[in-house]
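Student: Quick one: structure below, then a few questions.
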Amino acid sequence: MKEKLNLEVNCQIKFKKEAIKLLIVTFLIFIPSLTFIVIFYTNPNIKIYQENYQVIVDNFSSKISPSVILIESLMWVGFSLFLISFIITGFIPLLLNQQKFKKNLQNLSLILIISLKLFAIIIFTISQYNYSKFFNTYQFIAELETSNEELKSVSQSFMQSFSIGKNYNWSSNILTWWVSLIQIIFITVFWYLLLIKINPGSTHNESNEKMRTSLIKKSIGQSKFQGFLEKFSTSSLKNFAIWLIMLSAVILLPHLFYIVSISMGNSLTGSIFDWTYNAPLFYKTINPSHYNNISTQSISGFAVIYLPIIVTGFLVSSTLIFLLVYIRDLKINKTMFYCQFGILFFELLLTIIVNTISIHNVNRLIDMWNANDRALLELIKTFNNTNIFNNTIFKYIDSGVTYPLINKTHYISFCIISTVFVVCIYVIFINQITKGIKYF
């Protein structure tokens, strides 16, 4: 009885330490988001922007000039989700008390906490993304020379802060989404490790695997090399983890290279989007015909550049989870393994689909520039007096704009091959799991 009581006390102390660690980690991960709230409310230009919002939208576009209500609403929704998840995290020692709560309820509670944190990150990021669009508008208007009296008054108000360097800049569009990717990875991995701790697998998995391999070697009389191959191909948890890591790496690396290439600060793709979509929105009163033409396009910069970053973040998280399982030889029960196994399959296919759509739209833009480069250059050369647009495109006008990863219709073949490869490998894995389920 005394030993049981001591065990319960030790478990409670362990869970309290775990809760404190998770609270600290969560707070550190959300520091950029919390800092953003401070920046937002200390920026005096927000009030000027809000008071003159209709004038700004009439002269530019709501696509590049988000409302203050939108930014603020998203910011507080994100903060509310963060606060709720943070408070629930403090009750982890109580949630993990097996005498009061069943295992399924514990798992659902932890999954709820993870989901709240991930939603908070995404909503915070969307708010920061819109703030960065506001800042671009603010910077452009501050440097604008115009005969429009209403717009001129707004420009002079903005210039009072801009001229003395009180800009309250937060981060660029691209950097905002890359920070969210890192936040997603840390949240997913840390909390999944906690799920593993409260759902440990059998400690006899590896001994069963060694026994099975030994019996096979003795019955067949195979060589040591053949024994090694047999051991590497059997359905133990650790072996499946390394195979899943290799599969993820094969799919992830080319897509990660593509995402980095289009989202770098001086990337050609970012420059193309700036001059094809953002610049005309700022200059719609100067060149309305080009603005009207761009407005009919169905390509979204968010879907092409930023959505692939989010999707890839989740895939990287799952890959790191299996990497930790392999390196630290973590024991996971069957339910946990099957869930993560299925999630990884979904993330692999989603990454392929989202990036294929992105590549398709980028290629459409590049084809347009290569077909009309001179006309487009003449159109925008008078606009090259601001530093908010990426001027990389001007380096490629004479030599032609190149495709960032796969040109023309080759990306369709790449998508089909990648999808078939993932499906085939998963069919093999499922077959192995079915055959070796008793050894799991």
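Just so you know, glycine gets a Cβ as well, placed from its N, Cα and C.
According to TrEMBL:
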type     : residues : note
TRANSMEM : 20-41    : transmembrane segment
TRANSMEM : 74-96    : transmembrane segment
TRANSMEM : 108-129  : transmembrane segment
TRANSMEM : 175-195  : transmembrane segment
TRANSMEM : 240-260  : transmembrane segment
TRANSMEM : 303-325  : transmembrane segment
TRANSMEM : 337-359  : transmembrane segment
TRANSMEM : 411-430  : transmembrane segment
Student: Could you tell me what the rest of the chain brings near the transmembrane segment (108-129), counting residues at least six beyond its ends with Cβ under 8 Å?
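Tutor: For the transmembrane segment (108-129), the sequence-distant neighbours (Cβ-Cβ under 8 Å, at least 6 residues beyond its ends) are 26, 30, 33, 36, 71-72, 74-75, 77-79, 81-82, 84-85, 88-89, 95, 101, 170-171, 173, 176-177, 179-180, 183-184, 187-188, 191-192, 194-195, 198, 306, 310.
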Student: So are the transmembrane segment (303-325) and the transmembrane segment (175-195) touching or not, going by 3+ C-beta pairs under 8 A with a sequence gap of 6 or more?
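Tutor: Checked: the transmembrane segment (303-325) vs the transmembrane segment (175-195), in contact.
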Student: Report, as numbers and ranges, every residue of the chain located at least six residues beyond the transmembrane segment (411-430) whose Cβ falls under 8 Å of a Cβ in that stretch; write 'none' if there are none.
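Tutor: Non-local partners: 240, 243-244, 247, 250-251, 341, 345, 348-349, 352-353, 356, 359-360, 363, 405.
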Student: Given the transmembrane segment (337-359), which of the listed stretches 74-96, 175-195, 240-260 has the most Cβ pairs that are under 8 Å apart from it?
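Tutor: Maximum Cβ contact count belongs to 240-260.
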Student: Cβ under 8 Å to the transmembrane segment (175-195), counting only same-chain residues 6 or more beyond its ends: which ones?
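Tutor: For the transmembrane segment (175-195), the list is 18, 22, 25-26, 29-30, 32-33, 107, 110-111, 113-114, 117-118, 121-122, 124-125, 128-129, 132, 263, 305-306, 309-310, 312-314, 316-318, 320-321, 324, 330, 336, 340.
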